[in-house]
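Here the structure is laid out as structure tokens; the discussion comes afterwards.
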Amino acid sequence: MPTTPSPLALAQGLIRCPSVTPEEGGALAYLAGLLAAAGFSVERPVFSAPGTPDVENLYARIGADGPCLLLAGHTDVVPPGEPALWRHDPFAGVVEGGELHGRGAVDMKGGIACLAAASLAFLAERGPAFGGSIAFLVTGDEEGPAVNGTVKLLAWARARGERFDHCILAEPTNPDALGDMIKIGRRGSLTATLTVLGAQGHVAYPHRAENPIPGLIRLAGALLAAPLDEGTAHFDASNLEFTTIDVGNPASNVIPAQARAVLNIRFNDLWNPASLEAELRRRLDAAAGNAVRYRLDVQPTNAVAFLTQPDAFVDLVTAAIEAETGRRPALSTTGGTSDARFIKEACPVIEFGLVGQTMHQVDERVAVADLDRLAAIFRRILDAYFPASPPPAERA
């Protein structure tokens with residue numbers, strides 16, 4: 001059986017490509033070469049949108065019959081900041097003390113390397129006729145606007161007749177140790193600006209002005225007075241946070257003309273953006289009455305809450321993780337949003353990857369042992385998802 005590259009070698013190769021979003025940096029080209037050499041058909045479509053950079057993406061597939069397992073991720077990374085603050089060059093892929101250092105080691109070039117290493121080893125042993133299909137869907141637009149990436153790549157694939165049965169997105173899901181957590185859903189995110197209107201005037205003549213600040217305090221209090229919900233079996237309670245309050249008034253002797261607050265809600269699957277906006281307006285109208293003039297501007301959002309119901313596929317992934325790590329992972333929907341919100345429109349999706357403690361930080365790094373174990377977990381998943389047929393003698 002031919003030797004296939006280790007997850008460490010693949011991760012180093014990806015990290016050494018400076019693919020700071022939206023730059024491709026050679027990362028997709030590197031991955032495309034590996035997959036093409038293993039027999040995948042590979043395409044690299046570029047998508048555009050007004051006001052956003054053009055972004056290159058990758059789609060690769062091997063096999064035509066049977067179930068299709070989609071393996072997804074992104075090769076773009078956030079900027080490293082000041083390189084002098086790093087122990088090693090953030091794009092050198094240095095191993096020190098059993099850890100691989102570099103931007104993207106955790107989020108998420110390490111995860112992609114493990115998906116690729118597992119797939120290449122699986123194909124080297126089983127060959128191309130393994131009773132199904134494996135597809136890679138990798139974008140260079142996840143850390144940026146997320147406009148010309150996964151959402152368009154999925155639409156492009158769908159228009160070509162591509163269909164997927166299940167997906168693994170290799171985001172760093174584990175809080176402390178490999179095997180801690182699988183993400184089976186994500187909360188939605190909604191941002192809105194609340195503006196209370198007043199009338200500017202001199203503070204010494206308040207009867208000639210209308211101060212919007214008391215009205216803003218009143219309306220903000222109404223939004224926070226009662227919880228939005230109590231949560232569900234798989235989701236925490238929805239949470240509203242004010243992130244800024246501002247009047248844009250540098251003068252201490254002037255009553256401002258308006259006061260503004262920005263809020264963000266991370267919501268569970270009891271809500272959608274329309275129903276959540278309706279609830280906000282209901283609370284605001286009740287508190288404002290005829291005394292407070294306000295405007296609520298809700299930003300469009302594509303981050304809607306979703307849940308992949310625990311089923312046989314989730315059980316298969318859980319069993320692979322437990323067999324390799326000895327830990328039974330929690331099924332969680334915590335944290336921020338991810339490209340899983342787009343993939344769930346194509347097929348059931350779960351997220352599992354590395355330990356996320358150093359993602360987006362200076363000296364981002366991952367234990368080499370975790371790369372090996374994550375690749376082993378993915379290999380177990382592939383073996384279970386595409387079980388080998390018994391030899392003819394055993395079938396008889």
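Each position is counted from 1, following the chain as shown.
The backbone N, Cα and C atoms fix where each Cβ goes, glycine too.
Annotation source Swiss-Prot lists Zn(2+) 1 binding site at His74, Asp107, Glu171, citing sequence analysis. Its Cβ taken as reference, His74 (Zn(2+) 1 binding site) is surrounded by 31 other Cβ atoms within 10 Å in the chains shown.
Within 10 Å of the C-beta of Asp76 (active site) we count 27 further C-beta atoms, all protein chains included. Among the features that Swiss-Prot reports, active site is placed at Asp76.
Per Swiss-Prot, the feature Zn(2+) 2 binding site maps to Asp107, Glu143, His360; the stated evidence is sequence analysis. Taken residue by residue with DSSP, Asp107 (Zn(2+) 1 binding site) is part of neither helix nor strand, so it is coil.
Around the Cβ of Glu142 (active site, proton acceptor), a 10 Å sphere holds 24 further Cβ atoms from the protein chains shown. DSSP assigns Glu142 (active site, proton acceptor) to coil, not to a helix or a strand. The active site, proton acceptor feature in Swiss-Prot is assigned to Glu142; the stated evidence is sequence analysis.
Less than 8 angstroms from the CB of Glu171 (Zn(2+) 1 binding site) sit Gly73, Asp107, Met108, Gly111, Lys183, Ser338, Ala340, Glu351, Phe352, Gly353, each of them six or more residues away in the same chain. Cβ atoms within 8 Å of the centroid of the Cβ atoms of His74, Asp107, Glu171 (the Zn(2+) 1 site) belong to the same-chain residues Gly73, Met108, Gly111, Glu142, Glu143, Leu169, Ala170, Pro172, Ser338, Gly353, Met359, site residues excluded. On a Cα basis, His360 (Zn(2+) 2 binding site) lies 13 Å away from Glu142 (active site, proton acceptor).
Fewest Cβ neighbours within 10 Å among the binding-site residues Asp107, Glu143: this applies to Glu143. If you take the Cα of Asp76 (active site) and the Cα of Glu143 (Zn(2+) 2 binding site), they are about 6 angstrom apart, rounded to a whole number. Glu143 (Zn(2+) 2 binding site) and His74 (Zn(2+) 1 binding site) have their C-alpha atoms 8 Å apart, to the nearest angstrom.
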